[in-house]
Amino acid sequence: MSNWTHKGEPNPEQWGQQVSQPPQAYNGQPAPYPGPTPNYAQPTTSTSPTPLVETDYDAYQGDRFKPRKRIHDPIFLVFFILQFLGFVALSAIVLHTWVANNGFGGGLGGENTGTPFVLNQSTVYLLLLVTACAVLLSVVYLMLVRMFTRAIMHITLLLTIALNIGICVYYWITRYFSGAIIFTIIALFSIFSYFGFKSRIPLASLLLQVVMDVSKHHISVYVVAFTALILQAAMSVWFVFTSIAIYEKWTPGSVTCSTTSCSSGKVAGLIFYATFSYLWTSQVIGNVALATLAGGPYGTWYYFGPKEMGEMPKHPTLSAFARASTMSLGSIAFGSLIVTLLELLRMVLNAAQSMARADGSPVEACLWCCASCFIDCIESAIRYFNRYAYIEIALYGKTYLGAAKSTWRLFKDRGIDALVNDSLVGMTLTWGAYAVGMLSSLFGYLYLRLTHPAYNASGQYTAPVILFAFLIGLMCSLTLSSAIEAGVSTIFVGLGEDPQVLSLRAPALYGMIAETYPQVVVGV
């Protein structure tokens, strides 16, 4: 950890100052700003903060940003590669058979195609316009969040409570008692927790503003996020076609059964394997993107300062991606595998619950519902924990278990109370994603009403278009939000390890943290 010292003991009240003027000089140089809008807090006192003295600080300390060149968790890396190659081989076999048996119905635009008039030029324009609208709305929402952060956070908290109450009431009305009991507890918890979250809004809003200002100066943040989104979308389409082809090839009674053995067990086993491979690979893609952002633009900003300072390494995002996709890929695959197995288990429990409800066994359905909810809570906790572990992996190149130990120690030393502020940030961005999705679906509906495309003459494609528009808007906004959340979590990790570094990057943020959580800014 760093060896920073203060000239005297700091008064926490001195740190919440207005920083519209350049902060106190540091070693003869003005302190850097994360962006052009540094007024992150209202003034609380006119006293300047106690200056910091650097004593042999090294940003590369502890193999940070320059880990030892060796592959970590190689067993999980080999396992991940083998399962992906297995999925590729399985997909190639079944898709070849499917296409050979006219699986696409003659191809796009052919005489045998079921919908040759739907995927036409008008539809392409519609999807492109919806995507452009979604990106524009997402950017506008982030701008509004930047300008009215506290107000929007209050609104999202109230909306979360209203949603939980609404779901609870709906389940009681429809006599779905197991879900009603669970959401009653969730609704009550959200009401009681509102007052705790409310007190955290000033700090969470300040943190969100800092991260958004940092991201404005690093276009690579959004390049990485959208690249991951495109890869995950392509993986989803690939999985859907592979699953259809598996059913077509090995379902008893299929035309291909004359040349190969078919059984329902074989179909179930292959679908399970394809689902496992899809979930694991998608998890790894998203987590490699997280590690790239944490070890690239956000991590280097925290430890080296803005690019204008001249101390940031060259091409930090590319370097972080190279580490995450090679030496640390096994560690990322390890953590992703845990979440994948829990997700599969939850899917099995949900299927068992549906079967119990169909069989008219309410007690059994309630038990399966409770078990599914319990697994879902564990999965969410591990996802949250893993996010910090991947940041440790990105910064130091640790193994997964080593990163998990460091994360747990970070939680214990700094207090989980200080770390849950990014949950409030995530809640704010998620509600914005839903709003963008709704507005995108409205845009799609208006497009259909104003252009009157021939394929929708009777309105049979209005609902699918609205649904796809909503999903496109939701995913575009969530993609931008995930990039922002990565920065929030990275700052928390840096704050837990070297808190005084933040006093240079964002003095007002450091001051508010020192006021709210003084134990966090004590050097480790």
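Glycine too: its Cβ is placed from the backbone N, Cα and C atoms.
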Study note, to complete from the structure: In TrEMBL, of the candidate ranges 284-304, 389-409, the one given as transmembrane segment runs 284-304
Practice item. For the transmembrane segment (151-173) and the transmembrane segment (324-345), decide whether they are in contact, meaning at least 3 CB pairs lie under 8 A, counting pairs 6 or more apart in sequence. Key: no
**Study point:** In contact by Cβ distance (the transmembrane segment (460-480), the transmembrane segment (75-99); 3 or more pairs under 8 Å)
**Key:** no
Check your understanding: Who are the chain neighbours of the transmembrane segment (253-272) in space, where the CB to CB distance is under 8 Å and they lie at least 6 residues beyond its ends?
Key -> 90, 97, 101, 243, 246-247, 344
Check your understanding: For the transmembrane segment (460-480) against the transmembrane segment (218-241), do we get 3 or more Cβ-Cβ pairs below 8 Å once near-sequence pairs (under 6 apart) are dropped?
Key -> yes
Study note, to complete from the structure: Note: vs the transmembrane segment (218-241), the recorded stretch with the largest number of Cβ pairs under 8 Å from 179-197, 284-304, 424-448 is 284-304
